[in-house]
Amino acid sequence: MEKNVVAVIGPQSSGIGHVISHVVNELHVPLLSFAATDPTLSASEYPYFIRTTISDYFQMNAIASIVDYYQWKEVTAIFVDDDYGRGGVSALGDALAAKRARISYKAPIPPNSNADVINDVLFRANMMESRVMVVHVNPDTGMKIFSIANKLQMMASGYVWIVTDWLAAVLDSSTSRDLKDMSHIQGLIVLRQHTPESDAKNKFISKWNNVARNRSITSGLNSYGYYAYDSVWAVAHGIDQFLNSGQQINFSTDPRLHDSNGSTLQLSTLKIFDGGEQMLQQLLLTNFTGLTGPVQFNSDRNLIRPAYDILNVGGSGSQLIGYWSNYSGLSVTAPEILYHKPPNTSSIAQQLHNVVWPGDSTTTPRGWVFPNNGQPLRVGVPIKASFKELLAVSRGPDNVTGYCIDVFNAAIKLLPYPVPCQFITIGDGTKNPNYDDIIKMVAANSLDAAVGDFAIVRNRTRIAEFTQPYIESGLVIVAPVKQATSSAWAFLKPFTLEMWCVTGALFIFVGIVVWILEHRTNEEFRGSPRRQVITIFWFSFSTMFFSHRQNTVSALGRFVLIIWLFVVLIINSSYTASLTSILTVQQLATGIAGIDDLISSALPIGYQAGKFTRSYLIEELSVPESRLVPLNTIQEYADALKRGPKGGGVAAIVDEMPYVEIFLSYHCNFRVVGQEFTKEGWGFAFQRDSPLAADLSTAILQLSESGQLQRIHDEWFTRPSCSSDDNEVGATRLGLGSFWGLFLVCALICLFALLIFFIRICWQYSKYSSSEAAGEPSAADADAAAAAAASDAAERQRRPSRLGSFKELMQFVDKKEEEVRRTMKRRSSEKDNQAAGSSDPQSMASA
């Protein structure tokens, strides 16, 4: 740097890159590095730094994609403790978090460590639960790691080793590989910068091999060599463009740079490149195709199209199992081919070839085992004041029993690895502990797991991982009931007063309708007015028992009667069922029939202390906190319900179904009202992304499928429940709202029948009146009756016409239809005779 420098190529390590970047910033000299991959060498802090290789940011995203592809959730990061290692591991943590995975343990190795230090680091890493090892170190200490890991039996079956691109560079550079070293790295997954095949690349390799043979060079060519070659050409293009644009290469001194007393750095010889900014811009505009593919920078000063080869070390070499690119993720197709297709990063499109893992295994490792650090699993168990069937402690924390514990122990036994557990009891046994606080203890690493009757609810799943539910649950309402007391007027209770009135009115209405329809044709519906009124009432109310004696003969009457008998059948059936329920079924003491009634009332509500029920009632159902009463034991449940709201108790208790089943097995004078208004289950809680949660979920499903889960349930819930003869509660009186549709239909049919009847009556009356007028004698028929006719005409002028007389119409309606027909027939015959008689004198006169 003491000479007149316009650009710097290098250095070969990220640590030195940090140092040199500060210098070139002051001297305005662009720095192109083909090997400094540390992501923290950013353009914002080091504006004159240009990375001409792929940043470890993309390499760590490739590793995260591999971890996600095999569905691992935790990795152990083994890295060199310098800028290069720390920057890469930081990027790895961010990439894993985007895939819902994490670094469970970081194992830093100090630079230039000896074998003892590396052995200690690996020994501690081996004590952790993760078996996915990500190695991000320098080549000088990297091979030692695998030799020591082999001695610690960490290269056996079940382990996963993912190594960053430094190992691929070592393998590609070594022409004569030590077979002993290769035996230590069997089954590893190694990343290498992807350089597409091209004629230029093949020609360069051939030329390199010729030069290497002529000069006796033993090292091979790796991907960093290709990037170094392209870096030189990038600088050459940049300087050429700089000079062609008319720029001059000039330097100036900086008065701030001067030699300190006794310093040998000779800072005064350093010069500032006046055209540094212009040279930097020309370099950033670089655009050509080199050995590594397109050499072009994006807005973040990273090379476009970053990609990696994914190798699997086996035998004396390595096999290509796939690729990773920032464009399409994991694939078995070369990235340069996929660049011509639309990007597809879906889980279905992600593919890799089969891998031979450490221990010569072809089965994908689980990536996790129970930690071999001698520490048992810290399992928190809530100790309740009651409901001992679920959880109970006898003779110390090591003797925890109950349904939940038996399910947990049975699931643990099904795991393919041993899991020692230490139960830690929480609570004093007289008051229920707060279950949310126990879950928070798991999230804060104070506990490894929480086992018990923990409901899987939304706010808990945000901070902890739950297993598959091992029992279904849901909130229900328990309310006190009372036996119905008989009374002298119990038979009136099935229907409300409104229902009784409307039903009675409809009986009378139908009786009148049937009487109207049958009166003209049916002799049984005729007689004196007193008899007809009695007939209406008798007929209408006797249909209630289907015992009416009168027969209907008209079509309309029979039609109305059929509909009415169907209505009567429904009314009788409903009355019988309701009366039976009222006399035999228990009644709700508080009138609460469901959650809506409970919320709308102002009555106090009991809940189990420590459970999520309280927060659910307050936050989801907006129940005031002042209405909630915490309860701990079964006896407190019973006492609060017996006292009721007036005695300082509660109107109802809201709790989960398993507790309610246990409670009702002790107390039969309470019942569940309404339906379950939530659906959840109980599960075991673990820390977020714990693999043990997934393994136990599989074990719980296995218990369920084998029937063992049900057998454990039956073993603990063996107490006989209350008799099922009086399980029904809350019989209610029937009101008009349940029958108004039926009544409306019946009334409309009756009105329709009456309408047809009166239309027919009016038609008959019109014909009857016409026949009566036609049957009267004419004045021209007999001269002897002239005076009588004149007298009749005068009398007709003094009274209204018959058609307009309502009284005559009513008299016509009251007549028998048979009599009306005879009269009309007789009048028709008289009319014909009169017509015949008038035609004879006319014929004689004409003769």
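One-based numbering along the chain as shown.
Each residue, glycine too, has its Cβ placed from N, Cα and C.
Caution: TrEMBL annotation is automatic and unverified by curators.
According to TrEMBL, the feature domain 'Ionotropic glutamate receptor C-terminal' maps to 376-719. Here the domain 'Ionotropic glutamate receptor C-terminal' (376-719) has a mean pLDDT of 84 out of 100.
Residues 525, 532, 535-537, 539-541, 543-544, 552, 554, 556-557, 560-561, 564, 567, 571, 734-736, 739, 743, 746-747, 750, 753-754, 757 of the same chain sit 6 or more residues outside the transmembrane segment (497-517) yet have a Cβ under 8 Å from a Cβ within it. Taken from TrEMBL, the feature transmembrane segment applies to 497-517 (among others).
Among residues of the same chain six or more beyond the transmembrane segment (553-571), those with a C-beta under 8 A of the stretch's C-beta atoms are 503, 506, 510, 513-514, 517-518, 521-522, 543-544, 546, 739, 742-743, 745-746, 749-750, 753, 756-757. As annotated by TrEMBL, transmembrane segment applies to 553-571 (among others).
Here TrEMBL flags Cys668-Cys722 as disulfide bond.
Residues 499, 502, 506, 509-510, 513, 516-517, 556-557, 559-560, 563-564, 567, 570-571, 574 of the same chain, all 6+ positions outside the transmembrane segment (739-759), place their C-beta atoms under 8 angstroms from a C-beta of that stretch. The annotation transmembrane segment is assigned in TrEMBL to 739-759 (among others).
Summarising the annotation, TrEMBL assigns region 'Disordered' to 785-847.
Annotation source TrEMBL lists compositional bias 'Basic and acidic residues' at 813-833.
If you look up TrEMBL, you'll see 835-847 marked as compositional bias 'Polar residues'.
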Excluding its own, the Cβ atoms lying within 10 Å of the Cβ of Cys668 (disulfide bond) add up to 14
